[in-house]
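J.: Pasting a structure here, questions to come.
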């Protein structure tokens, strides 16, 4: 083993990447950076029928989007490659042969039908289904006969009897497993590829992995892996199993709770810094009461000893609050760049118009960004700047029925026409105040009618900035439209 801590994230490219997997990647990445270790990415594509290169690329993009850079792995290389299990078949066979030669593994020729009959018989006897060891002591003649029948073989690990396997888990503490409850399991499958448990052990050893942090759904694999480590004479890494992520109803997080794939959050316009902050707090608690952390702060604070044994609850309201905070704090030009697709797909603006009026759009987004939880909500907020007519409804109409409103709005139009420039919000504010002075109103009786007249809403962005961005012509047209409606 190396003196430097080495952690890995080893996803399978068999589908979209789940929030739980990304949380696992994040914890491994944070801990490796916290202890000045190395973070390795390994693709576990031993399931040749389900592994798809497109999903591999999705994994790479998700990690890169979140800023989880890897020191070794696909696209980057390293001294311990290759980093795809499908490219390491010969390595697995080398170690499987060592176990065969040592009498710690054997060839099994049982068909799926025979295995199912075995399981049914065990269930009928009230036993836990597991492999019976039927092929464990086949002679070379018996093996040859089965092979002549055209049977395909697998290689099974010979599980030691009456053995307690103790795992000192970094999160769960001491966990004991009894070998008698574990049947002889497969090391090399009939397609000649290593099983998950075997490939995982060989790779973790050869890649000098010192810490294995993964979801608690892998806890049941751990005794099998520990037995393989011991059978091969390998040093065992430290294991830590992370609690499940639950939905608000305390059931395991699934599609019925909403989005569960990281790509869906990116598509909706969540910022990577918000996702990292939020996911870091799913099962880990920093010291103190703060909940908002930069990536550097998370690296400095992350301690495996503060990872909870209890399941974490995915609270989308908290995520939305966190994302809205990061949107407010973000550079507005960056937000606009990230929002181009939403704006163009909403038919609010063309690519050409967006490029031509870029500075105007930056100002408009800056004005409304505090109203949104995610960037996909931006187009409806920007609609306030479009159109010359105002659609008045109940409460707004009632407020405009006050006697002073027609005179006030007429004076506002006069003041707008008298302005030398419409680009200075301060000048617009003075013009509105001047109109109020002429009519003899101030405060709510002044600003609310003007706001409703230019936006159709009783609440919204800073009034003077809103009017400035509307421009003189559109602002005056809207006030005239409002006057026409209340005077008709």
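Each residue's number is its place along the chain shown, starting with 1.
Each Cβ is built from the backbone N, Cα and C atoms, and glycine gets one as well.
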J.: May I ask you to indicate which of 11-21, 22-32 is given in Swiss-Prot as motif ''HIGH' region'?
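T.: Based on what Swiss-Prot states, motif ''HIGH' region' spans 11-21.
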J.: Could you give me three numbers for the motif ''HIGH' region' (11-21), the DSSP helix, strand and coil residue counts?
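T.: Taking each residue of the motif ''HIGH' region' (11-21) in turn, the totals are 3 helix, 1 strand, 7 coil.
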J.: Give me the sequence-ordered set of same-chain residues, not including 108, 110, 135, 137, with a C-beta within 8 angstroms of the centroid of the Zn(2+) site's C-beta atoms.
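T.: Same chain, not in 108, 110, 135, 137, Cβ within 8 Å: 106, 107, 109, 133, 134, 136, 138, 156.
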J.: For residue 137 (Zn(2+) binding site), just give me the three-state DSSP call.
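T.: SS state of residue 137 (Zn(2+) binding site) = coil.
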J.: State the count of C-beta atoms found within 10 angstroms of the C-beta of residue 255 (ATP binding site), not counting that atom itself.
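T.: Taking all protein chains shown, residue 255 (ATP binding site) has 8 Cβ neighbours within 10 Å.
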J.: Any idea what DSSP makes of residue 110 (Zn(2+) binding site), helix, strand or coil?
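T.: Where residue 110 (Zn(2+) binding site) sits, the three-state DSSP reduction gives coil.
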J.: Taking the Cβ of each of the binding-site residues and counting other Cβ atoms inside 10 Å, which one has the highest number: 108, 110, 135?
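T.: Counting Cβ neighbours within 10 Å, the top one is 108.
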J.: DSSP says what for the motif ''KMSKS' region' (252-256): how many helix, strand, coil residues?
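T.: Helix, strand and coil residues of the motif ''KMSKS' region' (252-256) number 2 helix, 1 strand, 2 coil.
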